[in-house]
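Novice: Can you read through this structure? Questions will come right after.
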Amino acid sequence: MKSALLFTLVVAAVHAQSPQVISPAPRRESNEIDCPEYCLDVYDPVGDGEGNTYSNECYMKRAKCHNETTPPAWKDLVLITGSSTGEQPPSKKCSTVCPDVELPVCGSNRVRYGNPCELRIAACEHPELNIVEDSGKACVGSKVTPQEG
């Protein structure tokens, strides 16, 4: 009885892996746009040039694909990214929205920001301050004018 059950399971497993049972993935045209149904919750914020910020590029693509008022035209899409090294995004429009994630960082201006995204917004809005992430300085809860010296 056990060998019959084992044989049935093996046959079912082999049949399930058979190329005749598994249909090939449909081929996409070269001009067809990638419209993901699901995205990983990975925090790597991007902006779309219209002031919208998304958790990552996948969520941005998904939003653009499902927004019927905005046809997805990836050729005209400008990604806005920043970094904690003071690099400015390629657009003059600064993002204003950050995910509600508590991951405190200290800026070179001695201001404590709730997360790296908030630091990037401050750096974008005040490029003259050249704000970057700085773990070597003491951070405070409110803005402190740096000591001149």
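Every residue gets a Cβ built from N, Cα and C, even glycine.
According to Swiss-Prot:
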type	residues	note
DISULFID	Cys35-Cys65	disulfide bond
DISULFID	Cys39-Cys58	disulfide bond
DISULFID	Cys94-Cys124	disulfide bond
DISULFID	Cys98-Cys117	disulfide bond
DISULFID	Cys106-Cys139	disulfide bond
DOMAIN	29-86	domain 'Kazal-like 1'
DOMAIN	88-141	domain 'Kazal-like 2'
SIGNAL	1-16	signal peptide
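Relative to the rest of the structure, where do these features sit?
Specialist: Within 10 Å of the Cβ of Cys35 (disulfide bond) there are 11 other Cβ atoms, across all protein chains.
Secondary structure from DSSP puts Cys58 (disulfide bond) in a helix. In the shown protein chains, 18 other C-beta atoms lie within 10 A of the C-beta of Cys58 (disulfide bond).
Taken residue by residue with DSSP, Cys94 (disulfide bond) is part of neither helix nor strand, so it is coil.
All protein chains shown were included, and the count of other CB atoms within 10 Å of the CB of Cys98 (disulfide bond) stands at 18.
The DSSP secondary structure for Cys106 (disulfide bond) is strand.
Broken down with DSSP, the domain 'Kazal-like 2' (88-141) shows 13 helix, 8 strand, 33 coil.
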Novice: Work out the three-state DSSP category of Cys65 (disulfide bond).
Specialist: helix
Novice: Show me the subset of Cys35, Cys94, Cys106, Cys117, Cys124, Cys139 whose Cα is within 10 Å of Cys58 (disulfide bond); these are the disulfide-bonded residues I mean.
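Specialist: Checking Cα-Cα distances against Cys58 (disulfide bond), the disulfide-bonded residues within 10 Å turn out to be Cys35.
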